[in-house]
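Asker: Copying in the features that TrEMBL gives for the protein in this structure:
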- H633: active site, proton donor (ACT_SITE)
- H677: active site, proton acceptor (ACT_SITE)
- T146, S147, V356: FAD binding site (BINDING)
- 217-240: domain 'Glucose-methanol-choline oxidoreductase N-terminal' (DOMAIN)
- 393-407: domain 'Glucose-methanol-choline oxidoreductase N-terminal' (DOMAIN)
- 1-19: signal peptide (SIGNAL)
Amino acid sequence: MNKILWITFVTIYISYVQSAVIDKDEFVTVEDNPYQNVNEIANPDVESARNERILWPYVAESTTKPENEENKTDEKDIKDVKPREKRFLHWSYPQSPIVDMMMQTMSVNYSPNVAGDPFDFLRDSYQLPEGKMLEEYDYIIVGAGTSGSVLAARLTEGKPKATVLLLEAGKPEMLLSDIPALAPYIKLTHYVWPYTMEHQPGVCLGSEEQRCYSPQGKAVGGSSVVNDMIYSRGRPQDWDRIAADGNYGWSYDEILPYYKKSERCELRKYKNATYSGRDGELTVENVPFRTGLVEAFLAAGRLHGNPTIDYNAPDQLGFGYVQTTQNRGHRLSAAKAFLHPHKRRKNLHILTDAKVTKVVIEPQTKRAYAVEYLKNHIKHTARCRREIILAAGSVGSPQLLMLSGIGPKEKLDVLGIPVISDLRVGKSLYDHIAFPGIVFKLNSNNASLQELKVATLPNLMQWLQFGDGLMTTPGLVEAVGFIKTSHSDGQLPDVELLNLGGSIVSDNGGAFRKSLKISDKTYVTAFSGLHGCDTWSAVPILLHPKSKGYLELRDNNPFSHPKLYGNYFTDPQDMETMKEAVKYVIKLGESEPFKKYGAQLYLPPYPNCQNHGPGSDLYWECAIRTMVVSLHHHVGACKMGPPNDPEAIVDPELRVYGVDGLRVVDLSVLPHTISGHMTAPALMIGEKAADMIKKIWSNVVV
């Protein structure tokens, strides 16, 4: 009944919104373009009662014993799982005007079916098709993230029918995660594993505890539920050098069909490009809303030799409007594209809130045949006939390998883990790092996106009805650019620029900077002078760091987060590249296209940079060391390589060396960073792995 009331409310209110008078002067400046219908923007003066707060009872999870009493978890096995007390708590989402409105309109007087989860009626659901588990499956996939979602969909299609068990530690996505503008808030919820890098002297000085925050997706859909939805494939040279290292089948020409297979391109100008896909499940589209700042950014790029292009084109390099994994302004996660339409398949079993703790391997034959997992604090074992496939992500997969006895012997011996295969798991870890500290103050009013302008009830209603408007902005990103600094090897761009329709101060120090874990002291000291001001920023990303990190187990407890060592800037060339990128962004901001906004470079007084002259090389190096952030694009911990590569964990068909029936299918297998973001490569890896697996088992009769 509550859902019916909510639908009725939305219908009535949308009718009101459509009849409202529009005052364009109240909105962010928008350049004319074929993708934007300004007349659909609603009246921002309508206010909502956003000061109320709702408390929900948080009831202990069910611990009903299964029929088989032997499956009960021993306390000594899982030492940090404790019974939860009954208490009153705020729901798990951070405070946001948008979320507040959703709560006021959707959840008032609603009694949740799932204790402690006021949003359970908004979540997708994945029930076992026939209500019970099978005794054995053809394939078990660990992780329903970006790669795992694609893989599960492909392995369960066609004939003969293979049975697949997909195990995911997180929850299904829900309506709040659909709103692109909420991307920073979603990164602060239980939809992520809240990993932090280990402390490194002289780096991440402005972060909480001086440790960079590097969350990974923990949801059905994985990081595609919490990221900024940017679709970029990397450059052809990225893949050609991976193939040149001895990884057959991974050249650009060989992986391009898999990119195209997943994609349903809705980019009007590039829809019919030969490298674009038109029949896939994942919609790729431009953001329906843009500020005028993106046109200034692109114009400034052209002035400095960077044409406006499709940045996914294999033969062009320059700047372009951001391409996103959205469908009509709504986030389109991998789960929504690949799992939701097929969740009624009888041969696909999707189990959520199920944490896998170990891959069970026969020590004599070294064949993986089962996994152990916990659900509702009860330990279960699932058996597999063909293959177990780890798609638990760049941190989760190497951690699970090591917990299962696959990893460096000297480390596993210390933790008392019997060694099955002595491999250098976790010894390579590369990451994309970025610097969000280049901010220009604008004299123009309503030129940039600010939360108080975006988070209005009319904008929410417009997004719900039309899928456009201010709430479609993906974490403020409006355009992407690739450049080569003087430190580039000439083949690949070494810096990516994210053009924002605002900056780190656009929400007055709210979720944007909190999702990066920038400390209160740093933010207040450096940026409080910009509160309420219109701003512009472009964030440089170091695409191919020379510095190499590593990952290792903290202990033998599967619930402990592993230790992540970034080793950022240990190679001095990385800092030189980043400083050159900063100067390039400043050159863009001071160019003619930004003069109509009165753009002036703001030099934040960072607490630990007071001894350096503002704007000097020493100042910028200090600023970078203070504000550097991880984009959590980790690769390399389960490195792919030929048999003669001593650091390789998996072969070019993603099979784990030394163990039969076990593969890794996610971004952790990439031996190098990619020139771009990671959603598209993760999708492609899932597609390619599905073909390789089906080819191996094509002659098996079910």
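Glycine is no exception: its Cβ is also placed from the backbone N, Cα and C atoms.
Bear in mind that TrEMBL entries carry predicted annotations, made automatically and left uncurated.
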Asker: Looking only at C-alpha atoms, tell me how far T146 (FAD binding site) is from the residue listed as 'active site, proton donor', rounded to the nearest Å.
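Answerer: Each residue's Cα considered, T146 (FAD binding site) and the residue listed as 'active site, proton donor' end up 13 Å apart.
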Asker: Cβ under 8 Å to the domain 'Glucose-methanol-choline oxidoreductase N-terminal' (393-407), counting only same-chain residues 6 or more beyond its ends: which ones?
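Answerer: Distal contacts: 142-143, 145, 193, 195, 216-217, 222-223, 356-361, 417-426, 551-553, 556, 558, 562, 564, 634-635, 637-638, 649, 656, 658-659, 662, 664, 666-668.
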Asker: Under the DSSP assignment, what numbers of helix, strand and coil residues are found in the domain 'Glucose-methanol-choline oxidoreductase N-terminal' (393-407)?
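Answerer: So the counts come to 11 helix, 2 strand, 2 coil.
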Asker: Distance between V356 (FAD binding site) and the residue listed as 'active site, proton donor' at the Cα atoms, whole Å?
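Answerer: V356 (FAD binding site) to the residue listed as 'active site, proton donor', Cα-Cα distance: 22 Å.
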Asker: So what sits near the residue listed as 'active site, proton acceptor' in its own chain, CB-to-CB under 8 Å and at least six residues off in sequence?
Answerer: N227, D228, I230, Y231, S232, L631, H633
Asker: What's the longest C-alpha separation between any two of T146, S147, V356, the listed FAD-binding residues, in angstrom?
Answerer: 17
Asker: Please spell out the DSSP helix, strand and coil residue counts for the domain 'Glucose-methanol-choline oxidoreductase N-terminal' (217-240).
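Answerer: Breakdown, helix to coil: 9 helix, 3 strand, 12 coil.
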Asker: If I restrict to non-local contacts, at least six residues apart, and a C-beta distance under 8 angstroms, what lies near S147 (FAD binding site) in its own chain?
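Answerer: For S147 (FAD binding site), the qualifying residues are G222, A391, V665, D666, L667, A682, L683, I685, G686, A689.
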Asker: For the recorded positions T146, V356, H633, which one has its C-beta crowded by the most other C-beta atoms within 10 angstroms?
Answerer: T146
